[in-house]
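Enquirer: A single structure is presented below for examination.
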Amino acid sequence: MHFSRDFDIIVVGGGHAGTEAALAAARMGQKTLLLTQNLDTLGQMSCNPSIGGIGKGHLVKEIDALGGAMAAAIDEAGIQFRTLNSSKGPAVRATRAQADRVLYRQAIRKRLEAQPNLLILQSTVDDLLLLDDKITGVATHLGITFSARAVVLTVGTFLGGLAHVGDRNFQAGRAGDPASIRLAHRLREMNLSVGRLKTGTPPRIDARTIDFQFLREQPGDEPIPTFSFLGNTAQHPRQVSCWMTRTNEKTHEIIRAGLDHSPLYTGKIEGIGPRYCPSIEDKVVRFSDRDSHTVFLEPEGLETSEIYPNGISTSLSFEVQVELVRSIAGLENAHITRPGYAIEYDYFDPRALKRSLETKAIDGLFFAGQINGTTGYEEAAAQGLLAGLNASLKIKEQESWCPSRDEAYLGVLVDDLVTRGVTEPYRMFTSRAEFRLQLREDNADMRLTEAGHQFGLVDEKRWQIFAAKREAIETEKARLRRTWVPAGVLHKLQTLQTSDQSDDRSYSLYELLRRPGISYTELVSLSEVESSMIDGRIAQQLEIDVKYEGYVERQRQEVVRHTQHETMVLPKNLDYSTVRGLSNEVTQKLNQHQPETIGQAARISGITPAAISLLLVHLKRGMARQAAKQEETHESGKTVA
């Protein structure tokens, strides 16, 4: 019997990073093996049943633009879709979807099993095979060895995973799945800097025991958004609502009383948790002035009664979990189906990675996902795709690729990781990107699909649809530039009827569209204007492109100014809490590090471009006040004289 053991690329781990890595490598023609501990958990959502959100939705769109699976899978599995920040500018609008966990796993597995060049095997990897600091393959728990020219590790929270519930702890990669202990030991023997991080999940609740009568309903958006550029609403399953409730003072008293047995506060948990997804006990302690916190009740699927109570992640004892859940309005008789828990795991300093996500120490070994100190399905999937791409390019002896910070949130993510490192689980926000006005969800394909096609990540069907869209936008922009509206017609535009602007000259449609408040639809409705044949989504992107043109250029100039301020000296012992607008995280980190210059401040993990802008404003105000005071002193001196 012949069983192939020789591959171009081996991917270890079948989560969000691993599935994207394996698909990317196989799409590029590499003979690929995906090894996973359990075939039934491919694409598993280990924590919250959702995809997208602020910054994260942008990453999903970029994955889709590069031919990845996540966006298309959530379009087939999403049971509620919303556009966050819909009242704000296009740059910070973000798509978010609740997922049916089972449908999502099925959508991912369907794509894996249909992908040419890709084999999947259920087996646990215990060892990495090396020859002179070069990866040559892996060995499994059954003693089977597989050779490869590149290996991508996407092991999530499984390396040395230790789960905590109250005073109890046990080895696990997540509840119900064993930790990777031998592989963790093997990696610790290598020339890699290792640390511990922590994440957590809330207890699950049986919806049949929830009283929804007095809870606030949160339906999805109409019209329903889609994630994939090739998606349509006909792919969506039945849509459902989420619900909202709040903790209360009784809840907080129960939590405070249970802290004596909280592994977070007894020192049993050493790993640092995600700042922007704190446990409920962390919220109660850190924000003691708050008398309540929001809890979102999110369905886990269409064929299950389980509910995910987003906002009460906890590692308190099971008894305390029951008490705290039942103290919340609507949950007085709630039955917990699975207890919440925290989990600690190994990660490796991402500053030891190249921008390709290949380790500097071991040739051919790539890391992607939580092993690099990130948190979130979307961050993991984006890294996985990039690692799979670069592993393939390495085998082809081609130059590695990573988008720059002005090309993609993926570029921001990787640059932050490999230059700044992490001190806590890293998640993506739009505020991390200095070029966020041009890194929008709507134009992710315009930024990345051509590159994806050149690498072989994007198939011909997607390429033809994209090329037609791009041509339609450019053709319509040209038409807007050459089409002029004569004087005396502007009064027909509803937006300008109350405007003081003169109507005594002609304007091109392009000029008019750049004005705030004038929509593309309104412009082309003028009887003097030839009608357009482009569809709604293309029209929306065209309008955003035109209106944002000037803002994008100004943002570029601002980034250049920031670079010029690299050597600007910061005052010694500056109390950063006096700088208006800084977040608690930024204030805390700046006070702790006390950087000497703006450049040093900008390179601290977690310090965003927006924070640097606020710092510069603060310094300029201080200099202006000092100059005014000196002038005042000078004038008073002249008066005395």
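Backbone N, Cα and C define each Cβ position, glycine as well.
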Enquirer: Of the candidates Val92, Val125, Val240, which does Swiss-Prot annotate as part of the FAD site that also includes Gly13, Gly14, Gly15, His16, Ala17, Gly18, Ser180, Gln370?
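Expert: Candidate in the recorded FAD site: Val125.
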Enquirer: How big is the Cα-to-Cα gap, in Å, between Ala17 (FAD binding site) and Phe287 (NAD(+) binding site)?
Expert: 34
Enquirer: Should Val125 (FAD binding site) be counted as helix, strand, or coil on the basis of DSSP?
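Expert: DSSP assigns Val125 (FAD binding site) to strand.
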Enquirer: Across all protein chains in the structure, which of the binding-site residues Ser279, Gln370 has the highest Cβ count within 10 Å?
Expert: Gln370
Enquirer: FAD site residues Gly13, Gly14, Gly15, His16, Ala17, Gly18, Val125, Ser180, Gln370: biggest Cα-Cα distance, Å?
Expert: 18
Enquirer: Of the binding-site residues Cys277, Ser279, Glu281, Lys283, which sits closest to Gly13 (FAD binding site) by Cα distance?
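Expert: The smallest Cα gap between Gly13 (FAD binding site) and any of the binding-site residues is with Cys277.
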